[in-house]
Amino acid sequence: GDSWGIFTFLCAALCNLPALPALNCTEELGAGQSIQKTYDLTRYLEHQLRTLAGTYLNYLGPPFNEPDFNPPRLARAERVPSATVDLDLWRGLTDNARLAANYRAYSRLLCYLRALDGQAGTAELRHRLGHFCSSLQGLVLSIAGVMSSLGYPLPAGPAGPPMPSGTPVAPNDFLKKMDDFWLLKELQTWLWRSAKDFNRLKKKVPPAVVTLRLEARGF
Amino acid sequence: DSHTQYERVGADVTMKCGSMDWDAAVTWTANGTDIDESHLNGSYLILKNVDLTQSGQYSCYEGSSWHLKYQTCLRVGTPPKEPVLMCRSNNYPKGFYCSWHLPTPTYIPNSFNISVIHGTREMVCEKDAFPKNRCHVRYLQLFSTVKYKVTLTVTNALGKNSTTLTFDEVAIVKPDPPESVVAKPVPNNPRRLEVSWQNPSSWPDPESFPLKFFLRYRPLILDQWQHVELSDGTSHTITDAYAGKEYIIQVAAKDNDIGTWSDWSVAVHATPWTEEPKHLTTEAQITETTSASTSSFMPPPTTKICDKGAVVGSGAVAVCWTAGLVLAAYGVLFI
C-alpha cells in the first residue's frame with residue numbers, strides 16, 4: 001500500500017547519511033503506540049538539548065551564553081520555522097495539520113543543525129551535535145510513521161537535502177552566531193510545543209481506530 | 001489653606017508660617033498641642049532629625065489675633081526600596097499573573113506602575129481587584145521564543161525604585177496545589193490507604209495540558225517521607241502503610257512537560273483500617289452468664305492481654321482471639 005511505499009522511500013532517501021535509521025521498514029506500529037513513542041522522543045530530545053545548548057552557547061561565548069540574553073529578532077532569522085502560534089489556532093488544528101507542521105519544522109531544523117556540524121569547536125562538541133542530529137532524524141522518521149499509519153500524505157518537499165540554495169551566508173561572525181542562537185532557541189521551543197501537540201494526538205487517536213483504517217486499506 | 005508635606009526620616013524640616021515675616025509673632029501647634037518656643041527660629045518652625053512620631057497636623061496662628069495663618073499635614077517616611085516582584089503562570093496556557101510588595105514600609109502613599117514587554121510589543125497587565133498588588137496578562141500566542149520582560153516601578157513623594165524580571169513563557173508555569181485531597185482506609189486491609197484528589201480549579205485545560213502528581217506520606221511518628229510520582233490519574237492506593245498508625249499525606253502537581261512543581265496541598269490525615277476485637281466481647285458475655293448460673297470457679301474475663309494499646313498488628317489480635325476462645329471453652333465445660 002501507500003504507507004509501505006512511503007516507508008521505503010524514506011529509508012532510501014536517508015540511508016546515504018552516516019547514521020542509518022534503526023526503523024524496521026516492515027514494522028506496522030499501531031498509531032497509538034507510535035504517537036506515544038514520538039512523544040517520548042520529543043521529551044528525550046528536549047532533555048538532550050538542554051545539555052547540548054549549554055555547551056554550544058558557551059562555545060559561542062558571551063553574550064550568547066548569558067541567561068538574560070534577549071536579543072530582538074532579525075529578519076534573516078525568520079527562515080527558521082517558528083513554533084509560535086495563536087492559541088485558538090493551535091487548538092483548532094486538525095490532526096493532519098498538527099503532524100504536518102511538526103514534520104516540516106523538524107525536517108528543516110535538522111538541515112540547519114547539520115550545517116553546524118562541521119564548524120563547531122571541539123571534537124566532543126561535534127560528536128554531541130552528531131548524536132543529537134541522529135536522534136532528531138529519528139524523530140522526523142517517527143512523525144512520518146505516525147502520519148502514514150493514519151493515512152496522511154507527507155508534506156511535499158524533501159526532508160533530507162541541504163539548505164535551499166540562495167540562502168545568504170551570514171556577513172559576519174557575530175551574525176552567524178546570532179543565527180546559531182536562534183536556531184537552538186527555536187529547536188527548544190518546538191520540542192516544548194511538540195510535547196503538547198503529541199499529548200493532544202494521544203488523546204484523540206485510540207489504537208482501535210487505526211486497526212480499522214489499516215484493514216480498510218487492505219493490510 | 002492647607003496641604004500635605006512629605007519629608008524623609010532623619011531630615012531637618014523648616015516650616016514657614018505662610019506669608020508671615022520672619023520676625024512676626026506666631027504660635028505653632030502640632031495636632032492641637034502648642035509647640036515650645038525653643039523649636040522656633042523667628043516665625044519658622046524647625047524640626048531636626050524628624051522621626052515617624054512627628055507626623056501630624058501642624059498649624060501656625062498669628063500671635064495676638066489667633067488667626068490661622070498656615071496649616072500643613074506633615075508625613076514622615078522613606079523613599080521606596082527595591083520592590084519584590086514575582087510572576088507565575090498557574091493557569092497555562094491562558095496567561096500569567098505578577099504580584100509585588102515592598103520589602104519595608106515607606107509610611108507614605110506609594111504608587112505602582114507595571115510594564116510587560118514581549119519582543120517589540122507592550123502587553124496589558126490588567127490589575128486585579130483583589131489582592132491589590134497583582135495584575136494578570138493574557139497570552140496572545142503560545143510557544144514563544146521571545147522572552148517576557150516585566151518592569152515594576154514604585155514611586156512616592158520621596159523617590160522611586162524599580163525591578164525587572166525576564167523569563168521564558170514556559171519557565172514560570174507552576175500550577176496551584178491539587179484540591180479536595182481525601183484519604184480513606186480500605187476495609188479489611190490494614191496496610192492500605194486510598195488517596196484521591198482533584199486538579200486545581202485554576203488549571204483551565206487538563207485535557208490538552210495534563211498534570212502529573214507527586215504524593216508524599218509518612219506516619220506521624222516518623223520524620224521520613226515516602227514519595228510516589230504519578231503520571232496520570234487522580235487517585236492512588238498506598239499499600240505499605242504501617243498498620244494502625246496515623247498517616248499524614250500531601251499531593252503536589254506539575255504540568256507534564258514544563259515548569260515547576262506546585263506547593264504541597266493541604267495535609268490530610270488517615271489511619272489504615274484495623275480490626276475491632278468484637279468477638280472477644282461476645283465470648284466474655286457468654287462466660288459471664290455461665291459463671292453466674294453455675295459456679296464461681298470461672299475467672300472473671302480479663303481484657304488485660306487485649307488492651308487497645310497492645311493491639312499492634314494482626315498477631316496480637318490472634319492472641320486475643322485465642323484467649324477469648326479458651327475462656328469460652330472453660331465456661332462451656334462448667335455448665
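If you go along the chain as it appears here, the first residue is 1 and each next one adds 1.
Here the Cβ of each residue, glycine as well, is placed from N, Cα and C on the backbone.
What TrEMBL says about this one:
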type: DOMAIN; residues: B:10-60; note: domain 'Ig-like'
type: DOMAIN; residues: B:177-277; note: domain 'Fibronectin type-III'
type: TRANSMEM; residues: B:310-333; note: transmembrane segment
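The average per-residue pLDDT of the prediction over the domain 'Fibronectin type-III' (B:177-277) is 94, rounded to a whole number.
Taken through DSSP, the domain 'Fibronectin type-III' (B:177-277) splits into 0 helix, 48 strand, 53 coil. Counting residues per DSSP class in helix, strand and coil order gives 6 helix, 21 strand, 24 coil for the domain 'Ig-like' (B:10-60).
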